[in-house]
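So the structure is just underneath, and the comments pick up after that.
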Amino acid sequence: MFEPVELNNNAIIKVIGIGGGGGNAVEYMVQEHIEGVEFFAINTDAQALRKIEVEQTIQIGSDITKGLGAGANPEIGRRAAEEDSDNLKSILKDADMVFIASGMGGGTGTGAAPIIAKISKKLGILTVAVVTKPFNFEGKKRMISAEQGVSELSKYVDSLIIIPNDKLIKVLSKGISLLDAFNTANNVLKGAVQGIAELITKPGLMNVDFADVRTVMSEMGYAMMGTGIASGDERAKEASKIAISSPLLEDINLSGAKGVLVNITSGLNMKLDEFETIGNTIRSFSSDNATVVIGTSLDTNMNDSLRVTIVATGIGTYNDIKHNNNTENHTSKHVPKNLENLQTKESPKYNNPKQHIYDTFNQQGITNKEMNYLDIPAFLRKKHK
């Protein structure tokens, strides 16, 4: 039986974007006006920090890099973070939860993210990382660097969510713009932060406090996160389907998830049977002994829409996932069988995952200069101004 819990408004959530890509991800979230969260951009590149529209920026490693960046060298990124560890500790110390956003494969993000995560964990902060892995065409060296960075990062975070950039090619519709494709990846981080922030800061019929969030996400290893929005008579089923599919994430098997955190956001018109539908979706993949925390957030701006955010944790270590997946795409077979055939009106871009953006590049005659833009080691490539 679910019991209402007193709302806790005191939890401090910080989102730390590391490197050029992580900074871009944080800037995107600032522009999306996520409430109840503090945002920081950390970089070795002074020029990148001057251009970014994030209020709180921190330059690291100025003595090592002279403000010129890490030159795609993770060792430089690591040393830069260690050089400014006291400063980093000061911005983290009062947080209850920290999200780390970074692209893996470059210099600053790959090298500094594990150091910052380590500092956060030593301070007793619930630490969650959302990172990307590079496109295959960015080269074997960058991919190896990314794998090493993720493996090191996984030692110091409570939960880890990975977005392989190649999924943007395999999943999204043919002809989608580059900006929209990268913004779709950015929405994974936004969904996780927004869903958890709303759970503990917005009133609802079933309130959740930060202790519940910590129970589900602490020391859980690999995680899956998804958000779905739908409207109409089947909105609960459709939103759950979208949330649980998470086609942009590293391929994982949800069966046996040890922790599940769910936020349902709607207006005042949510029905009991809709709540049951979402609950049955959770039961379809979680372990019988899983810790399940469900909260609702009221938002009158949702009108007829309903949003479901699901964070499933305790799915295994990063090395377990890497060993099981290799390069094969298993996404569809990991959706619970009772949801596999459901078609949704809200997610037409997922209907044909075999369409390739790369085909569009070839058809449109993308130049070498434009392809070099894709090779920028960033979480999201900054749009040209």
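In case you wondered, yes, glycine gets a Cβ from its N, Cα and C as well.
Marked as GTP binding site by Swiss-Prot on the basis of sequence analysis: GLY20, GLY21, GLY22, GLY23, ASN24, GLY107, THR108, GLY109, GLU138, ARG142, ASN186.
Residue annotation for GTP gives GLY20, GLY21, GLY22, GLY23, ASN24, GLY107, THR108, GLY109, GLU138, ARG142, ASN186. The furthest Cα pair among them is separated by 21 Å. Cβ neighbour count within 10 Å across all protein chains ranks GLY22 highest among the binding-site residues GLY20, GLY22.
Cβ-based neighbour count (10 Å, all protein chains) for ASN186 (GTP binding site) stands at 23. With a 10 A radius on its CB, GLU138 (GTP binding site) counts 19 other CB atoms from all the protein chains.
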